[in-house]
Amino acid sequence: MAYHNQHQPYTSQTNYNHAPTGNLAGQQVNDPFQPPQRGTPPSNQNEFRESRHGDDRQQVLNPQLNGEHAQGHVFPGQKAAQHPHQNLPPREHFGNPHDNFKIMSQPPMPGPPSVSAVQRSMGGGMPLHGSNQTRIDSGDHSSSVRGVLQASSLAGQPPLQKSFTPPPSSSPARHSPASNMQGQNALSSRSTPPSMIQPSATRTQGAFKPVSFVGGAGMPPPPLLGQQQTLRGSSTPSTGLGYGPPLPGQVASASPTPVQNSAITNPLFQGEQFKPPSSQFCTQPDPAMQQYPPPNSLQSPHQHPTSVQPPPFPEQVYPPSSGPASAMGQQMTAVPPPLSRPTYVPQPRPQLSQPSGAGLPLPPMPGQPYTPSSSVQGITHSGVGVAPPPLPGQPYQPQAVVRPPPMSNVASSMNATPPSSSAVPQSAAYAPVLNQPSSVANRQPTPGPYPGAMSNITNSMANMDMSEANRPINLMQETRALPFRKPVEQPLRFETNTNQGTLIPPDRKNCNPDVLRCTLKTMPHSQSLLNKVKLPLGLVIHPFKDLSSLPVISAGTIVRCKRCRTYINPFVSFLDERRWRCNMCFAVNEAPEEFLHHPVNKTYGQPHTRPECTNSTIEFIAPQEYMLRPPQPAVYLFLMDVSHSAIESGYLQIVCDSLLDHLDSLPGDARTQIGFLTYNGTVHFYRLSEGLPQPQMIIVSDIDDVFLPTPENLLVNLRESRDLVEDLLQQLPLIHNLNYEGEGDTYSSLGAALEVAKKLMTATGGRVTVFQQSIPNAGPGSVKPREDPNKRAGETPTALLNPATDFYKKMALDCSAHQIAVDFFFFNSLYIDIATLSCSSRFSAGDLHYYPSLHVKHNPMEAERLSHDLQRYLTRKIGFESVMRIRCTKGIGVHTFHGNFFVRSTDLLSLANVNPDSGYAVNLTIEDPLQDMSSACFQAALLYTTSKGERRIRVHTMCLPVVKSPAEVLNSVDCIAVVALLSKMGVDRSVTASVADARDALLNAVIDPLKAYKDTLPQGMTTGGVYVPRCLRLMPLYMQCVLKHPAFRMGVSTKLDDRVFSMVNLKMQPASYLLQGVHPDLYRVDDLHDEGAITVFEKEVPQPNILPLSAESILQTGAFLLDCGWRMYLLVGRQTSRSFINNVLGAPQFSNIEEPMYSIPELKNPQSEMFHTFVDWLQGSRPHYAPIRVIRDDMREKILFFSHLFQDRTESAMSYQEFIMHVQKQLN
Amino acid sequence: MVLMTMIARVGDGLPLAASMQEDEQTGRSLTDYQNQAKLLFRKLNNQSPDRCTIESGKMLFHYFIDKGICYLILSEPSFSKKLAFAYLEELSSEFFVQYGNRVSSVTRPYAFIEFDTYIQKTKKSYMDSRTKRNLTLVSSELQDVQRIMVSNIDDVLQRGVALSDLDDKASNLASISKKYKQDAHYLNLRSSYAKIAAVVILLVIFIIYIRYWWL
């Protein structure tokens, strides 16, 4: 089938392949873990030696890349990635592929019922925009939010609750035991006739009365809507929702089909061995409620890193391999699922809109070991307070780990908890295991990088009940997926395992997730398991991120594993004082004598307390072995396009001004060199030798064979020729002036200029910055316009995404060999062929910036952005002649790289320059099953020369637990990393196949893991809804936004250059920047208030909620700020309160707001100050500047704003709700 | 023509400063020479002659040790020796003024890499042998340059290697003779076993013979 074949080459599918692992491993000709060149002491210098002579060596080292070289010019990563595919069986595909398109071409879906009711509930605010569909959604959304508000405010006081977990003051509802019941309540709802689920028929039972009451009474006003929600929430089998868009009548009147029916209709589940009793099933409580606290009840003060430290996450507990806990787990595995469990389960009425809090133990998954611990909980929580008797026929194992109440210091308490089964189950000391994560998760609006349940997972397999953090979320019900605040991620800490000996690094904390993150927070133990979960496995790295604190070590010898050259890190284990075991290759190494001395507290014989062993991000000052040549000086060369249109745009003035302002802050020392070249049809050199009265301009007109007119003084020492440089920068905009004779030159000989720049810099290496405005059309490397402007909305031919000439790639490879990086600033208004030009940055590890249609007068927003970006660009840190190597635990292989670099050998990236804004990603495969390993480690080491001529090594280490079941993997996924990696893989796919293919692949990448997840859930739960693990809750939303990103969107007129640059940007951005661009944040800013504000630098920063990216969030009466990462838009509604317009915008009334307005006046009133603190805080959260543009609601430019509302439907793309329905259709 | 300039601490051979090489212009790789220079720095000690010229292939190393700091250049043979040492001395005086008191305390290689700028400038002035200053330098007998020792790079680098070679050989010999002894012992044993076995077999045959045929 042609479709299948199309899917095959998609790089993301590498991990998904159903091929046996051995097959994959066999193809990896070069085992990256063989240390052939690194074994012997003299080859200490290898890392750097390779960096100088990589070109010839690369062919030897990497057979995969060899092929690439033979073929010419393909992106290195892609080739390597494709390789494994060629011999693999076709990927199993499920779902009719044609369905994918059906829904796209469908007419707008009929809205769900009660449109009018919904609109009433909007509380006066009419949606500005939108079809039926969006209005409906808004109704859903607002009503459920209201439900939350009411429900939680009521649920704060249930009498029952006081007898349970001491509720944290921040969010009482969260810790209510109700949710524990809730799932079980819902279980019984399955067999309940539909009429009983109607809100009006809600009954309560016993102790649960308050909760049920809340659910009933707290329903939002429109009764119809409430009804509908209830039905959905009660996990009505998919009669209504499963078959496409629900018709109004259908949903309301749908009778829940018995479970058996759905089981039959779903062939996937017929072979299911384990069918838990239906009464054990839980339905989904309204997730919005448990997930998102009402703003009033939970204004977490832990949102910003500078504020109070958030409670640390529960630490990971690694069981001793032969310890009692794991033994228990094994014992449990053999025990059949206890059917008698319902005995202990109280049976309250199903209530869906309950404000739920603490975790509900879901029934055990098929094939999962079952632990009675949840039964214990059930008892405890229902107030019985007695330990339950052992289940019949089952050796009773009390839940071993006793957890103190959640309010205490979680980390310390978990540390103190011995993982032994000797502890007595104390019903008094509850908030037991399963409750623990929920309390943590509740305090943070979204689970952190390591959900609390993780500790259970590794602690004992027996705990695999779904706790709160693991509970699936039904996206069909979830009206608001987005958290109100951005979660603050904390690195995971590891519990010290005393079994390994006494010399364990005391603080085993992973490095900052912003620096190094893995798509899966638990490592599947084999490739087959990875194929089963169908998630991409990879690392997203931001290695040179600006860090606030970075320990720097100046050691005589850097302690590394003698076999695999891994740097010593917190996750190694010490056998005794001198010997340590490498955590990558498990070789035992001898530590040098000096390693026994602690440099800070001067103790002896405690090597595990040294900084190397306590910090997972650390920087070493490299000794001589790491330098092949003396460290190079900082060399900056600026190439400026001075063709006619470039001069006309006026960028030269901005660039020269910025350079003049920041000459002092250019990173460098006394050796810093600087040079300038300009070019149009000819190349202009500027001689800046000391002693000249003024700069000399030398024009070389032979651009086909360009040469250096003078051997020296084109690159000069900045300090010594400072006056001349300043003089030149002042004169440049004057020299290149349209009024001047001969400046009407419309040619641009970029290729010649780059060649000559390379010649200038070969001796040293450094950074070439190119400012390019017009298409290079003269001399070597000239390109022709390829774009057909009439076909912008349609399918982009793949050829246009690929370079037209290999001139720039060859140039880049040459540059990379000489440690020269080429950075680009594009200012074009016409087609410039970024696809071709960007090659020169891609392979030389450069940086790209794009200011579409920049013009000083006509497009001041981009001009402002340029000047601010230049400030950042010129002053940020820079690393020269660097290489990065990624090491993984034995058995894990690196196979595809994303980013701008040159791949020199299987795991070595050559980066001529490295800057703090460049991100990288790699795809991983599990080549050998990780047998008998409790954890897998990754280490990214970056060797670079600072601008001060120091050679340094920055090392980041991360350690993840290894798990064996799909459910565990799926319940701890790093959504951000997955989205980042998938979009990078999508770009690769677009370039090799087509954009349409990439879209299909991305869509499948959403569906496949959800399908895999569905298989892990008990069968009855999965009907009628899109169930996702909590950690993947946002993935469909983000992926939906990715599909609407300029890189992948279809049907919207997208300039080819915009599309290509978006792709390039996706490839090279670190995850946090990428996500901000993919999914901008929307805030309402006309009613900022102090409530929940955080304090940053003694300023109160208001924290408005993040709104869904939908027109329904936009009101005529408000002002909305859209933060797109690199730009911000402020939309002012027609009926925005006068005070905002007066106090913040400084205009008397709406119609007087300036147009266009690019800056917001700083006025002396509290409202304006508050607004500015907020915007400044947003600006401060990123290293670059995002200019703000004010858009009046009656302006044409508001399309700029509305085009970012990615949750809405466009002519050619689905809305979020449609997307979810589409996903659901594919799942069934 | 001076191709490379390096400054290092004599005590441990830690490089302190160096001037970047212009690989491209001279068209030859200096990596080998650079590695030789690094090895040379490790070999040098306070007992080494403080001025020396070392041949290495077609190139010449000149070095000059002053106050525990070694200044070394790589030059073409055509480059005047006098100029070379004058250049080295000029470097040494300037370097000592700028960084002399900090030399003993640094641990990081190339800590004074900024000195490169000065090196480059000085080099430039010495490059051009026609300048008046250089002509006078060449003509004047600044010091007894002729007496400066000339040796070969291999000799310098191999010094000490011979000793360790000998040591290796000796220990090798010892171990081999030990092995010989063991082998001889083993062989002895085996041959005596063989003899005993033969006798025993003969005896058995004899007994069997007596048992079945004689009786």
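Count begins at 1; order follows the chain as displayed.
Yeah, the Cβs are placed from backbone N, Cα and C, and that goes for glycine too.
Under the heading compositional bias 'Polar residues', TrEMBL lists A:1-31 (among others).
Look at TrEMBL and you will find A:47-58 (among others) tagged as compositional bias 'Basic and acidic residues'.
Taken from TrEMBL, the feature compositional bias 'Basic and acidic residues' applies to A:90-101 (among others).
Per TrEMBL, the feature compositional bias 'Polar residues' maps to A:130-164 (among others).
TrEMBL lists A:180-205 (among others) with the feature compositional bias 'Polar residues'.
Annotated compositional bias 'Polar residues' per TrEMBL: A:252-268 (among others), in sequence order.
The annotation compositional bias 'Polar residues' is assigned in TrEMBL to A:297-307 (among others).
Look at TrEMBL and you will find A:335-349 tagged as compositional bias 'Pro residues'.
The annotation compositional bias 'Polar residues' is assigned in TrEMBL to A:370-380 (among others).
The compositional bias 'Basic and acidic residues' annotation in TrEMBL covers A:784-794 (among others). The list of residues near the compositional bias 'Basic and acidic residues' (A:784-794) in space but at least 6 beyond its ends in sequence, with Cβ under 8 angstroms from a Cβ of it, reads 775, 777, 800, 804, 830-831, 833, 1050-1057, 1212.
Residues annotated as domain 'Zinc finger Sec23/Sec24-type' in TrEMBL: A:558-594.
The average pLDDT the prediction assigns to the domain 'Sec23/Sec24 trunk' (A:631-874) is 88. As annotated by TrEMBL, domain 'Sec23/Sec24 trunk' applies to A:631-874.
Taken from TrEMBL, the feature domain 'Sec23/Sec24 beta-sandwich' applies to A:879-963.
Per-class residue totals from DSSP over the domain 'Gelsolin-like' (A:1102-1174), listed helix then strand then coil: 21 helix, 14 strand, 38 coil. The annotation domain 'Gelsolin-like' is assigned in TrEMBL to A:1102-1174.
Summarising the annotation, TrEMBL assigns region 'Disordered' to A:1-59 (among others).
Per TrEMBL, the feature region 'Disordered' maps to A:77-423 (among others).
In the compositional bias 'Basic and acidic residues' (A:784-794), helix, strand and coil residues by DSSP number 3 helix, 0 strand, 8 coil. Across the range of the domain 'Sec23/Sec24 beta-sandwich' (A:879-963), the DSSP-based residue counts are 0 helix, 59 strand, 26 coil.
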